[in-house]
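First the structure, in the form of structure tokens, and then the observations on it.
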Amino acid sequence: MNCSTFLSLMLMLVQLWPCSLSIQNHSAQNTHQPFSAVRRVKRGWVWEPLFVTEEQTSMVPVYVGQLKSDLDKHGSDLKYILTGEGAGSIFTIDDSNGKIYVTQKLDREKKPFYTLRAQAINRKTELPVEPESEFIIKVRDVNDHEPQFLDEPYVATVPEMSPEGTSVTQVTATDGDDPSYGNSARLLYNLLQGQPYFSVEPKSGVIRMASEMDRETQDQYLVIIQAKDMVGQEGAFSATATVTINLSDVNDNPPKFQQRLYYMDVSEEAPVGTTVGKLFADDRDTGENAAVSYSIEGDSSGVFDIITNNETQEGIILLKKTVDYESKRRYSIEVKVVNRYIDDRFLKEGPFEDKTIVKINVQDVDEPPVFTLENYVMEIREGAASGSLVGIVTARDPDKDDCPVRYSIVHGMHLKRLFSINEHNGTIITTKPLDREIASWHNLTVKATETRNPKKKSEAKVYIQVLDVNDHAPEFAKYYETFVCENAISGQLIQSIRAVDQDDSAEGHHFYFSLAQEASNDSHFTVRDNQDNTAGIFTAKSGFRRQEQFYFYLPILILDNGTPPLTSTNTLTITVCDCDIEVNTFYCRYGAFMYAIGLSTEALVAILACILILLVFFLVIVAIKQQRKKSPFSEKMEEFRENIVRYDDEGGGEEDTEAFDISALRTRAVMRTHRPRKKVNTEIHSLYRQSLQVGPDSTIFRQFISEKLEEANTDPGAPPYDSLQTYAFEGTGSLAGSLSSLGSNVSDADQSYDYLRDWGPHFKKLAAMYTSHRSVRD
């Protein structure tokens, strides 16, 4: 350590109290002066902290400071002891003079201070002469860290044409050095790239607009910001950051047509809604700032319309009305385009709209004939004679050559049978009389075709109304079922009637009712006209007798108000009913029915009674016949029927006693006593041996057969065992002789059954039985 460094450290120790930021209080009970590195306060001792810089510890050991007790006189026998953080490893003390040294390189960013304790003891007695006191050694920072931008990369957006000084964004750098000591962590920002469009505040790092910028000229800028520590002094560390600044769009540009004059064409046969052409006005803005609307100005004809395509921002001119080359060959319209969203800040630049002229030429084509009317309405009276004139249709060729046309009726052969048209002049006539009551309207389709170009044709609708003629007489509205009681009194209303007419009256129908001339002189009934197209039928006398006259036929005359008026006679049938005064419709209908068939009520009841007796007699006979057909052995037949069980699988032989459910073969009606089954195999072999010596008439043979038959008949609980029936003889009188091998001289042992193995798997069990039987015999 050089002399200048030592002097500076000593000067620092002398000036510690005024500049210290950290003071530690420690109590002391002694009354004498402590170490010289403290200052006396009212109660206790206050140690000022010691300091050491990072740069000084690059070459160790480094002297930090000295602790000295007031009791330490020349030649005194004191010993200084240092304890605490880093004592003995990082920090050492000369126990004789109290000088403290640092022995390792220190890093403030890892540990900014160390807390230690010092004490002075008697070297000989090892007893403390000063109480233990605590003090701090702080590591002073040096500029050993570069600034850092932690939020890179920076991206910011600012509206175009923003005024000077508008804040864009803020960049922030950090420095690992101590901000409380020196200028190591004090940063300054400056702009390396981005002038003259942007500026940066040196202390805050806020980037601002330095001038107004147009996005349409350049929409993105790269700005480089530098951060320097040590307040930008020489030897300071620095770092840079790149900021991407995008200019967002504002509506500062009006739409502009690319041309002042546009030409378009449209065919005269184009239908309404046809696209004539498209216009596009360029707007340098983007998004909704470039949204425009088109309109047509100064077009009094109303032939064209324009709509805006919101996706492409095009104006589409449409045909609003059909055009005719022969009438007008050219149209001129003015189209205006305006921005939909206007920023008031830029209105001073001028109106955000533009105009252009569109000239549209109508192209001539060979057009089909044109009818003078789209729809024709004609009239003709019904019943008009065949060949009567209905009306005339007219069509002409709109082209310059005015080609002749030919007329015809289309759509419906039945209409062609009623009407015809002159193909040269379009005159429509009838081919047969028409009846309005069948059809009051006829709808025709007339076609006009150019004679020189049959492909050019057009059609028109012709509606023909058949005018009514009073040719139908009125009649009853429905069939009236009228009854009158035998005890009816004179003047009693028995029926109300109404009339209808198939003709059509312009003023409305009005009917007049009266009795026909032939019935007016001698009639038991009268007709009263109600003057509302209805009339009432009343009795003209009291009392009617069915025996004298069952039906009355009343002719009624009905007159209409047509021109000329027509009349009709309608007959009303009145039936006399066996009732008091009020008519019971059901009873009266029954009485009329009986009178019609010529039977009285008593006769009808007698007929029904006879039919009922015959029906009962027939049912009794059928029941007796069914009783006779019933079997006397029905109980046994039912028992047998219930004991029939079907098995679809093959049994396992007589030793298989678990293959079937025995309870299915039992019945509730018959339950016989179970008899134990005899040993079948033993009896069969015994019978086989005995049958070689006895004949079919043997008692032993017959007894065996009887026992087996009895067992089978009386044992319903026995499973369906396999049964082997053995016959010793074919029987006497047979020309073929006996087919049994029982009487053969050839022994069963001499026969070979090996061929059964070749019969397949179905005979496997049989082959095994005979082969094993032969092996036992051998």
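In case you wondered, yes, glycine gets a Cβ from its N, Cα and C as well.
In TrEMBL, annotation is done automatically, which means it is predicted and not curated.
The shown structure was predicted, so the numbers you read here are calculated from the model rather than taken from an experiment.
The annotation signal peptide is assigned in TrEMBL to 1-22.
The DSSP breakdown of the domain 'Cadherin' (69-149) into helical (H, G, I), extended (E, B) and coil residues amounts to 0 helix, 37 strand, 44 coil. Taken from TrEMBL, the feature domain 'Cadherin' applies to 69-149 (among others).
Sequence annotations record features per position, and here TrEMBL assigns domain 'Cadherin' to 150-257 (among others). Using DSSP to sort the residues of the domain 'Cadherin' (150-257) gives these counts of helix, strand and coil: 3 helix, 47 strand, 58 coil.
According to TrEMBL, the feature region 'Disordered' maps to 159-179. Panel annotation: around the region 'Disordered' (159-179), residues 108-109, 112, 140-151, 185-187, 189, 198, 200, 204-216, 219, 225, 227, 229, 237, 239, 241, 243, 245, 247-250, 252, 346 of the same chain, lying at least six beyond its termini, place a Cβ under 8 Å from a Cβ of the stretch.
Residues annotated as compositional bias 'Polar residues' in TrEMBL: 164-173.
Look at TrEMBL and you will find 258-371 (among others) tagged as domain 'Cadherin'.
Summarising the annotation, TrEMBL assigns domain 'Cadherin' to 372-476 (among others).
Taken from TrEMBL, the feature domain 'Cadherin' applies to 476-586 (among others). In the predicted model, residues of the domain 'Cadherin' (476-586) average a pLDDT of 85.
TrEMBL lists 603-624 with the feature transmembrane segment.
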